[in-house]
Every structure is written in structure tokens, then in C-alpha cells.
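Undergrad: Dumping what TrEMBL says about this protein:
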type    : residues                                       : note
BINDING : Lys2, Phe3, Gly4, Gly5, Thr168, Asp169, Arg179 : ATP binding site
BINDING : Thr42, Glu69                                   : substrate binding site
DOMAIN  : 263-336                                        : domain 'ACT'
DOMAIN  : 344-410                                        : domain 'ACT'
Amino acid sequence: MKFGGTSVADAARLKRAAGRIVAKREQGFRVVAVLSARGKETDRLIADALEVSPVPDPREMDMLLSTGERVSCALCAMAINDLGHRAISLTGSQAGIVTDTSHTKARILEVRADRIRSALDEDSIVLVAGFQGVSTAKDVTTLGRGGSDTTAVALAAAIGADECEIYTDVPGVFSADPRIVPDARKLDVVSFDEMLEMAASGAGVLQLRSVEYARTHGVRIHCRSSFDDSEGTRVASEDARRDQDMENPLITAVTHSRGEARVTLIGLPDSPGIAGRVTTALAASNVNIDMIIQNEPRSAGALAELSFTVPQDDVAAAQAALAPIASELGIEVDTDDAMGKVSIVGAGMKSHPGVAAKVFTVLGEHEINIEMISTSPIRISCVVPGDKVADAVKALHSAFELQGADTIRPEQPFGEFS
Ligand code: ADP
Ligand code: ASP
Ligand code: MG
């Protein structure tokens, strides 16, 4: 069972999470629970760091950020003990989560779950601090924003859990972010392929790596509300998905992300090897690039332009990584960090022409300028100005008629709307 930040934000919610964990134990299950930092604690810790250092040292950043989830686990263990059950809280390191050394976005290499297993054998409920591990160099690491989902899936895989339940502040995975589209439809089942595309294109309800990990290790994910007992969304293999509803829907969801930045390299010499050098420098600094566009100069001897998108948080690292190449080759580096991205995802679009045309037409009709485009067999993404993202999501969701029968009413407890 994994509880996100909103689900443990204050004492009442933390006790409610403790109550749900205990109820599960009393049904006869052995429970490992992963908790996130409370409320906006991680944002607060990041702001604290930026107050004392503009580009904080990544190792120290991880020491700082990992504290948030420890607090949640210790408090929850106290609450569970008061309910007459035995609970033990563990840091990621104590829980045996071993990662690589990429501070602030480490990857899990291995889970040595013997301590969890022995605690379960002693009839304890085990609480594990999400979003963190210990590196092969024995330093504390964190797994990137939203990383507690990945902790939960990795532990589920390591202990062979029946299911990995992700308890969050919405009732499941929807056809769009319900905070932008109130009549979005809750999806009962979503395939791994679609969920991977959704997570990669901004549906932060599940961290991308958690979905990748679940697919590789065959973990069953059930993403559901921490406020009630309703059935949420199951992420299932393509076969299980097909058994449910014979045909793939054309479009499953509209996703978006706001924190995009576009970096443009102006005046690139048009010669072999340049794109390779640029992307190698970015990869060496651990900067993830998303869409890439290069336009070839039309006339001989002219200079090329290369644009790509990166998460806004990575702009400083990208600039630093590119500086030596830029000065060597006399390139100008231009950044625009007010970009957003809107995407449609659906396995059915593989066999239906005309979907892209409809996306572009709808955005055009709403006066939304498309800055960059990328596609996969089951996704079409457009970079749009950041202030147009919500309009673009609403327009596409309604044009593809994705709304559900059960409109989500505002009185439903979604936690704080941000
Ligand atoms: P937690 O703290 O529980 O991990 P997150 O904030 O990480 O919660 O993820 C839940 C949020 O994801 C929801 O509150 C919702 O606003 C957002 N979200 C974005 N896209 C979707 C989607 N397609 N379906 C459901 N929620 C979504
Ligand atoms: N607390 C971390 C974050 O806010 C990890 C998580 O909640 O999953 O990103
Ligand atoms: Mg999350």
C-alpha cells in the first residue's frame, strides 16, 4: 500500500491512512506500506535549499529531501502502534533499496528485502520511506519527483506482493487530469503501453519509472482513492485489457505537462557529428531531452538550428553542459521556459488515420499555436505556450468525446486543488 503526500498531509489524514493499513492487516494480509512526504513538504525542502544555494549540491539535496518521507513513516508507525498493532518504520536504505549514484534521480538497481521479510515474519506492519535508497557508494539517494510510486512497485516486486495499491487524492487514472477537466472519465483498466505513454507525457498520477518497473517485473498496480473504498484503475497487460473491452478505444486520455522548456541552438555548423556531441554532453549531465527538431539549412554553407525540450528543472544543467561546445563552435543557446505540452494517447489510433489532423485542427480552431510536434504509434504530442495548456486539454478532451457519464462533483474529496 502506498500513500501519497496529500493522503498523509495532516494528523487526521495520517491517522486515516494508519487505519486503512490496520484494516488490511485485520483482513489477514501482511502489509508493507510506503509513504510520501506530507503535503507539500518536498517542495518546501527544495525551497529551503534554494534559499541558501542557487544550485544545491545534489548529494546534500538528497540528504535533505529524504527526510520528508522519514517523518511520515515514523508518525504513521506511532499511530499504528496506538491502534494495538506492531509497526516498524524503515528508511529506504534500511529497507534494502540499492540505487545507482545519480543523485536526485537515482535508479533502483536491487532490492535486498530480507529486513522487510523478517519484520513481516515477526508480525509487524512495515512502513518504508518512499522516494529514496542508498547508492552503491553508500550515499543516500532520491528517485526523482513522484518516486514513492517506484519504491512501492519495487518493494512489491521484491517481496512477491499480490498487488501494489497506490492510494492517492483522486479515485484513479482519468481520461484527463480531473483538476482541469471535471467531467473526465475514470478508466477501469489501462494497458501498460498506454499508461507508460500517459506517465511519460505528464500524467503525474503514477511516476513513469514505477510503470516501467511494474511492467518489467509483472507487478499488478491498483491506483485508487485514499478517501473512500471505490474501485480505482488497474494497470494491466495488453491481453488482460483486451479481455475487458474487446476493442481498443481510439483515444484513451489527454495528458499535459506544464514544466517544459525549449532550448534552441542557433548557428550550428551543418556537419556530421554535431547532434551526437550535443546530446552526449546533455546525457553526461543526466538531462533528459524529449522532443528534438533540427532544420537543415537550404543553401550550402548556411548554419543549422537544433531545438529540443527539457524539463524546466533541468535548464540550468543543460546550459552548463552546453557551454563548452557553444563557445568552441560559436553557437548561440536560446531558452524559452514558458512552454507546455499536450498529448493524446490511445492504442486505437494505430489503425485510424486522421487523428493527427483532428488534433491540429482542434488546436488551430482554439487559436493555440503548435510550437513542436512528436508522435509515437499510440501518442501525439504538441508543445504549446504554457498559458494555453489548460485550454488545449479541454478542447481535445471534448473534441474526442472522452467525458464520462459520472461527472466528478466538486464536493467529492479530492484533497486540496492546486
Ligand atoms: P500523490 O501525492 O498521491 O502521489 P500526485 O499529486 O503525485 O499524488 O498524483 C495525483 C494527481 O495527479 C491528481 O491529484 C491529479 O491532479 C494528477 N493527474 C494528472 N493527470 C491525471 C490523470 N490522467 N488521472 C488522474 N490524475 C491525474
Ligand atoms: N515526496 C516526493 C515528491 O514530492 C516523492 C513522492 O511524493 O512520490 O516528489
Ligand atoms: Mg505522486
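Just so it is clear, glycine is given a Cβ too, placed from its N, Cα and C backbone atoms.
Note: TrEMBL annotation is automatic and uncurated.
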Undergrad: Roughly how many Å lie between the Cα atoms of Asp169 (ATP binding site) and Thr42 (substrate binding site), rounded to a whole value?
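TA: With the alpha carbons as reference points, the distance is 17 Å.
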Undergrad: Calculate the distance in Å between the alpha carbons (Cα) of Thr168 (ATP binding site) and Thr42 (substrate binding site), and round it to a whole number.
TA: 16
Undergrad: How many neighbouring Cβ atoms, not counting its own, are there within 10 Å of the Cβ of Thr168 (ATP binding site)?
TA: 26
Undergrad: Quick one: largest C-alpha distance among Lys2, Phe3, Gly4, Gly5, Thr168, Asp169, Arg179, binding ATP per the record, in angstrom?
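TA: If we measure all Cα pairs in Lys2, Phe3, Gly4, Gly5, Thr168, Asp169, Arg179, the largest is 22 Å.
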Undergrad: Measure the Cβ-based neighbour count of Gly4 (ATP binding site), defined as the other Cβ atoms within 10 Å of its Cβ.
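TA: So the number of other Cβ atoms within 10 Å of Gly4 (ATP binding site) is 25.
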Undergrad: Can you tell me which of these binding-site residues sit near ligand 3, meaning the Cβ is under 6 Å from at least one of its atoms: Phe3, Gly4, Gly5, Arg179?
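TA: Checking each Cβ against ligand 3, the ones under 6 Å are Gly4.
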Undergrad: Can you tell me which of Lys2, Thr42, Arg179, our binding-site residues, come within under 6 Å of ligand 1 at the Cβ?
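TA: Checking each Cβ against ligand 1, the ones under 6 Å are Arg179.
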Undergrad: Near Thr42 (substrate binding site), which binding-site residues out of Lys2, Gly4, Gly5 have their CA within 10 Å?
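TA: Cα within 10 Å of Thr42 (substrate binding site): Gly5.
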Undergrad: Do you know offhand how many angstrom separate Lys2 (ATP binding site) and Glu69 (substrate binding site) by C-alpha?
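TA: That separation, Cα to Cα, works out to 12 Å.
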Undergrad: Given the binding-site residues Lys2, Arg179, which one has the fewest other C-beta atoms within 10 angstroms of its C-beta?
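TA: Result for the binding-site residues Lys2, Arg179: minimum number of other Cβ atoms within 10 Å at Arg179.
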Undergrad: May I ask which of the binding-site residues Gly5, Thr42, Thr168 have a CB within less than 6 Å of any atom of ligand 2, listed in sequence order?
TA: Gly5, Thr42
Undergrad: Give the mean pLDDT for the domain 'ACT' (344-410) on the 0 to 100 scale.
TA: 90
Undergrad: Report the same-chain neighbours of Phe3 (ATP binding site): residues 6+ apart in sequence with Cβ closer than 8 Å to its Cβ, ordered by sequence.
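TA: Correct list: Ala17, Ala33, Val34, Leu35, Ser36, Ser72, Tyr167, Ser226.
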